[in-house]
Amino acid sequence: MREFLEYFYSAGLLIQLNYFIFQYQDKEEVVLWMNTVGPYHNRQETYKYFSLPFCVGSKKSISHYHETLGEALQGVELEFSGLDIKFKDDVMQTTYCEIDLDKGRRDAFVYAIKNHYWYQMYIDDLPIWGIVGEADENGEDYYLWTYKKLEIGYNGNRIVDVNLTSEGKVKLVPNTKIQMSYSVKWKKSDVKFEDRFDKYLDPSFFQHRIHWFSIFNSFMMVIFLVGLVSMILMRTLRKDYARYSKEEEMDDMDRDLGDEYGWKQVHGDVFRPSSHPLIFSSLIGSGCQIFAVSLIVIVVAMIEDLYTERGSMLSTAIFVYAATSPVNGYFGGSLYARQGGRRWIKQMFIGAFLIPAMVCGTAFFINFIAIYYHASRAIPFGTMVAVCCICFFVILPLNLVGTILGRNLSGQPNFPCRVNAVPRPIPEKKWFMEPAVIVCLGGILPFGSIFIEMYFIFTSFWAYKIYYVYGFMMLVLVILCIVTVCVTIVCTYFLLNAEDYRWQWTSFLSAASTAIYVYMYSFYYYFFKTKMYGLFQTSFYFGYMAVFSTALGIMCGAIGYMGTSAFVRKIYTNVKID
């Protein structure tokens, strides 16, 4: 129960207690937490701080510490440093422990220095980074930093700034003793508590000029595509309105029924159920849920500054995903009912567990590699049980509620055209009008509208940058939706004009193919923009990039299908061919 309460707290759903949590009295205990250590270029390959033969301070007793679900999933394992730090109480350079450097310990430190190991610590939830050591120019001698010089800024009774200076370079010589020391200097600061994370942000990296330039280019693409779709609608509907108003003044024998061409010819098959309706409706429901989660999380991040809390972004995403399960059930269940599906319970289970199974399957696979490496990213068994409980006791029941509502409120097949009993044969057409070609080309423009923002998002996750420009992310999401809908409408229009009525899967896959281009871009980013290496980091990167790309593809596919469905219903309702 405590774990769930802390999880909800980190998601920002309980009363904000930060005002009280981060206040100190003079001489009150301030805890220095040691988090992880790992290669600088492999941000996700992290290990417990004391997996290296560092020593612990003499202090043993500490105050209560809570760990949230997001922290556990991200491999945050805070261990007490043993250093005695009190609020506003300066500490001169003091030796807190001694390392007996035998050959094994020296080899461990040498390996860490060769691979540029950094470590991370926390004071009052403010992160601190330091380097383990360094080698000389020839790479023959290795040195360990032994002196942690902490300078802590305070404003009133709150900590607002922490700086670490590593000093005391000592050569690593086997069978010697190395003394580890620290000092604490308290300094009054004018930084407001609400602004204390600003120093970790990098405005020079997230250049607003580049963002606005990419937004402008994407906006011009939106204008062009919206204009193209509007022209198609106006051209086709205006001609049909004129034709049918003229036919009302004619006798039946005078009507030129041979005028029907292209998309009008398939009016008896265009609303035929898609192939594999169970899988299709589950994908649409999952895509609608992912879109709802993305929208809500971005809005919450814009309001709450989630980057200031460890694991809060992941915890919030998990909670919002669970809470929006009725969206999945409603859209998936109603679509499956409209397409005449009878195995609605099976559809509900597939829709509910499609995304969780994909994410958990990838995470558990990578977890085996993390366990082999003894990395801190290995997910504890208790956390796995908590995630499974959320799936079975929260997501599934809410999905059931959404499915029942969807089937009863919008599950009737109220199509504007009657569906023929016998499917119409699909005529031969030019190669570039084939669904496979349309699917491959459909994702280019949506990817083009987001690929610049993809670089910033990738860098914030795979490198040491904090993403905080969620306003731009919201604009990019809106542009992506508009571009995706317009592209799929145009693709579907040309497909129907070729008298091919297989538009459901084509509209979904042509939008979902954006994921292919995003995943291809991830290969470019890995090899040309990073210096990652090793089995663990590589599997972690490409595994989770596959999950991210697939989820993005499902979301784009659902958006494209929903927009195209409204377009198809609109044109066939207005021309009234039946």
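Quick reminder: no glycine exception, Cβ is built from N, Cα and C everywhere.
Listed features, source TrEMBL:
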| type | residues | note |
| --- | --- | --- |
| TRANSMEM | 210-233 | transmembrane segment |
| TRANSMEM | 278-303 | transmembrane segment |
| TRANSMEM | 315-337 | transmembrane segment |
| TRANSMEM | 349-373 | transmembrane segment |
| TRANSMEM | 379-401 | transmembrane segment |
| TRANSMEM | 436-458 | transmembrane segment |
| TRANSMEM | 470-496 | transmembrane segment |
| TRANSMEM | 508-528 | transmembrane segment |
| TRANSMEM | 540-562 | transmembrane segment |
Give residue numbers and ranges for long-range contacts of the transmembrane segment (540-562): same chain, 6 or more residues beyond its ends, CB-CB under 8 A. 44-45, 283-288, 290-291, 294, 331, 355, 358-359, 362, 365-366, 369, 377, 442-443, 446, 462, 480-481, 484-485, 487-488, 504, 507-516, 518-519, 522, 526, 532
So if I exclude everything within five residues of the ends of the transmembrane segment (379-401), which remaining residues of that chain have a CB under 8 angstroms from its CBs? That is, six or more out. 3-4, 7, 69, 72-73, 318, 321-323, 325-326, 328-329, 348-349, 351-353, 356, 360, 363-364, 367, 370
Per the Cβ filter (under 8 Å) with a sequence gap of at least 6 from its ends, the transmembrane segment (278-303) is approached by 12, 313, 316-317, 320-321, 324-325, 327-333, 335-336, 339, 341, 343, 346-347, 350-351, 354-355, 470-471, 473-474, 477, 481, 504-505, 508, 551, 554-559, 561-562
Candidate ranges 210-233, 315-337, 349-373, 470-496, 508-528 - greatest C-beta contact count to the transmembrane segment (436-458) (under 8 angstroms): 508-528
Taking 315-337, 349-373, 470-496 as candidates, which has the most Cβ pairs under 8 Å with the transmembrane segment (210-233)? 470-496
